[in-house]
């Protein structure tokens, strides 16, 4: 029986209504699901950190926000502050994070540095195994340095490893401020030495007091103490480190009370009275000292909302921008009373070094928005290349010192950091000169390696010359010592990160062997007085920067690039890592707004 369509006149209409009803149900369920997700799912921002943003910053100054600034603990660091959103105020944007920038709280069972990437430290073991050695720098060197200090110098600023007692110098005043404890904090944390880290934290909580009657170096306590405390805070999330950093910073602010705003070199933590070093060119302040405050002070303003820190360092930059510079070079001395240059002596080593470093790192730390800092750096490096950088007869590139219109063909161990600086600043160089500066960094690294390789101990002298037929060799007896300095190894690490040329790890391994053979003593590690002698005498000082810098850079050299990636971290001049401030809607003097 064939049934025609006319036999069921309402059939097709009935199907259309059913289809519409089903579609309506599906649409209603979808809308309900979307609204539920929007209102009830957790906010991911509360579980992320280390990708910073600043919003609505006044064009002239970072203003004040609520004192309830967020702690960078895993649970809290991403929350916004409850600050006003008006001119002169800024708020912290939610912090975003990538897999390579998530650092675990010490209380967590699995530490990023040891567990989340099997190559973080295995790189080192594989490399060292290829040399026929099995070596754990943490257990053999860092633990020996730390345990010796813990046993013989605990609470003192540094250690005399042969006399096996505490040690201090005038840069820390006459008080026991535990400089080694603070300087080593982040190294302990990064290496996963958490029991030692907790001991250090307990000492800081119970004993670190800045209300003492002590005259200290503004520069040294800034890079070692404030830098070390801030780095420990960002890595661990422990609030005590931020609190102590701010307490100390408040004690340093009176040093800026000069006619020009250029700070004194020294300040009494109790009275606030400042002065300069007696030997420094007619009472001048030193370029590398007053020019090496920017990173720490910007982070202090970021964390506290107090604009004073940012204002102080930006005032220094503005003052220097207005001054004439002989041959485009920055002299090492500036009188804080008159605002005039002192002796016309320019150096990329001692007295000048970290000024140039912090220009570059101010740009990097600002997420490359502080273009004023970048241009100042580029202009300074151009003048340095023109007047200070030369090639020896033997083909070694070196950086000399400019003294009263003449080039002294001498390079200091401190200057060797510049190889890493040139490599770090290669990306972003003007006129497509990135390749040129990476090559320049490699040439400086080679020269500094030669200064090590041409000694008996395979450790570098304090300074070395390039004249009278001598190249990369110390001449004066008072320049033949090695005091556990990090600058050459620092450059090896940066060059390794940017090129992955295995020679930098090989050179680093040579340094490990030499330090362990000639500087290791029963009570720690000591500097040596003559690197050209097969039987050197010791200076009997284990410097705090040996734990903060030398051992940290060696550890990083043999670790994966995942450990403290340079796109997320900028190291201060004492090797304390501070996070890049990824900036959103922000305009700072000399900065470009990025949206």
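Each Cβ is built from the backbone N, Cα and C atoms, and glycine gets one as well.
Among the features that TrEMBL reports, transmembrane segment is placed at 21-41. Annotated active site, proton donor per TrEMBL: 220, 462, in sequence order. Taken from TrEMBL, the feature active site covers 353, 487. Positions annotated as disulfide bond by TrEMBL: 416-448. What TrEMBL lists as Ca(2+) binding site is 573.
The candidate set comprises the active-site residues 353, 462. Of these, 353 has the most other Cβ atoms within 10 Å. Taking the C-alpha positions, the distance from residue 220 (active site, proton donor) to residue 416 (disulfide bond) comes to 19 Å. For residue 448 (disulfide bond) paired with residue 353 (active site), the C-alpha to C-alpha distance reads 16 Å. Straight-line distance linking the Cα atoms of residue 487 (active site) and residue 353 (active site), rounded to a whole number, equals 11 Å.
Of all Cβ atoms in the shown protein chains, 30 besides its own fall within 10 Å of the Cβ of residue 416 (disulfide bond). Sequence-distant neighbours of residue 573 (Ca(2+) binding site) (same chain, 6+ residues apart, CB-CB distance under 8 A): 223, 227, 292, 353, 354, 357, 358.
The distance from the Cα of residue 416 (disulfide bond) to the Cα of residue 462 (active site, proton donor) comes to 10 Å.
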